[in-house]
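Summarising the annotation, TrEMBL assigns substrate binding site to Trp60, Tyr153, Lys282, Gly315, Arg399. Sequence annotations record features per position, and here TrEMBL assigns pyridoxal 5'-phosphate binding site to Gly120, Ser121, Asp255, Pro316, Thr317. Marked as N6-(pyridoxal phosphate)lysine by TrEMBL: Lys282.
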Amino acid sequence: MTATTYADQLAFDREHLWHPYTSMTSPAPVRLVTGASGARLRVADPARGEVELVDAMSSWWAAIHGYRHPVLDAAVSAQVGDFAHVMFGGLTHAPAIRLGERLVEITPDGLDHVFLADSGSVSVEVALKMVLQHQRGTGRPERTRLLTVRGGYHGDTFHPMSVTDPDGGMHSMWRGVLPEHVFAPQPPAADATGAEVSAWADAVRALVAEHARELAGIVVEPLLQGAGGMHPYPVECLRLLREVADEHDLVLVFDEIATGFGRTGHLFVSELVTPDVLCVGKALTGGYVTLAAVLTNGRIAAGISASESGVLMHGPTFMGNPLACAVALASIDLLLDGDWTAEVDRINRRLTAGLAPLRDLPGVADVRTVGAVGVVQLDHDVDVAGATDASVAAGVWLRPFRDLVYAMPPYVTSDAELDVLLGGITEAVKAG
Ligand SMILES: *Cc1c(COP(=O)(O)O)cnc(C)c1O
């Protein structure tokens, strides 16, 4: 029997489909999307019929150009007309080659070697494997641990989870299963004083010195921690990490899966401080299909190739998927051909001005913006269902978590849509 009515579809979903971080026995409510275009989602409401919502989430940082963009739609169609997929073992194709070229061109000099992975978490797995294989290849197989900072998020598969914040990654539940890495304190806030930054730097230096002989690399989300707490921090912290990595022969990995492609106002934060390994994902395909990439420099690539296997031991079935590569290339060209810095700046100014008054609402602990990201932190955990209902009633799709109500809209969101979005955030904060 096929579920046809909205109510039937939602009933099947509730009985059978897992959604992110939900219970199967008592799932949180979900809404049925029936269409999406530009910065808007169309959602079926069993009571009200169809409603349009301004999307504040870009489908988790991904849909930077909005939905049903004609250029991206055309890129997918054209590639479907050629071929949708072929294996990457022993074969190659123009979409992968052209995307590789573009990624090498737009990322910092030296990051010349590209691994096309099939999701962000997998790219972090690959990056960590690169770090460990490089250490093995350069005669330091005892170096098997990683240094990271508290408050991070690197994905849900096991190794990325092991470098995610110990509380956010539920390390106590996974004790004995997850490898145990070295956690430095969370970097101070973006507006921290020089003294706060130096205190953090001292703590990091001390930890690295203590563990230097067993550390293989450092992995962080540069400048803005995303799903771990929407926490922007000073670029000086990244310079310090680069310095200690160089002093101790550690491989520096920047996870730019959330920050990449302009979201913070920089095309990549890696333009400010260059890592040895760079992960990108999420907005890579403009949110059309899953794809991630890991870029590294010749030195790390040589180390990996000198390890006992002589090769990088990884190769997912859908590596370099042509549809994903074609739409990624189109998305990057669309971004670079447009005035994305002006769009991100426009969104930043409107979010900054529009969110500032929320500081005075009861229950609001902090308001912050960076690039095209706006965050309201409450002094308590958000009532997610209540806040979501309130924002949907105001015509906005939001997905609060923990104590955070936040937005990272598509860059194509108009000023009028941003005003609707700000209204939705306000209602969510009041209800949350
Ligand atoms: C989302 C995210 C990941 C994981 O990517 P998936 O595609 O969900 O596996 C890793 N790191 C960061 C910083 C992310 O934001």
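Sequential numbering from 1, following the chain as shown.
A Cβ is built for glycine as well, from the same backbone N, Cα and C atoms used for every other residue.
Mapped onto this structure are the features recorded in TrEMBL.
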residue: Trp60; record: substrate binding site; CB count, 10 Å: 16
residue: Gly120; record: pyridoxal 5'-phosphate binding site; CB count, 10 Å: 28
residue: Ser121; record: pyridoxal 5'-phosphate binding site; CB count, 10 Å: 21
residue: Tyr153; record: substrate binding site; CB count, 10 Å: 22
residue: Asp255; record: pyridoxal 5'-phosphate binding site; CB count, 10 Å: 31
residue: Lys282; record: substrate binding site; CB count, 10 Å: 27
residue: Gly315; record: substrate binding site; CB count, 10 Å: 14
residue: Pro316; record: pyridoxal 5'-phosphate binding site; CB count, 10 Å: 16
residue: Thr317; record: pyridoxal 5'-phosphate binding site; CB count, 10 Å: 10
residue: Arg399; record: substrate binding site; CB count, 10 Å: 18
Using CB under 6 Å from any atom of ligand 1, narrow the binding-site residues Gly120, Asp255, Thr317 to the ones that qualify.
Gly120, Asp255
Measure from the Cα of Gly120 (pyridoxal 5'-phosphate binding site) to the Cα of every one of the binding-site residues Trp60, Tyr153, Lys282, Gly315, Arg399, then give the nearest.
Lys282
Work out the three-state DSSP category of Asp255 (pyridoxal 5'-phosphate binding site).
strand
Spatial neighbours of Tyr153 (substrate binding site) among the binding-site residues Asp255, Pro316, Thr317, defined as Cα within 10 A: which are they?
Asp255
Which of the three DSSP-derived classes (helix, strand, coil) applies to Pro316 (pyridoxal 5'-phosphate binding site)?
coil
Where Thr317 (pyridoxal 5'-phosphate binding site) and Arg399 (substrate binding site) are concerned, what is their Cα separation in Å, rounded?
32
At its widest, how many Å does the recorded substrate site span between Cα atoms of Trp60, Tyr153, Lys282, Gly315, Arg399?
34
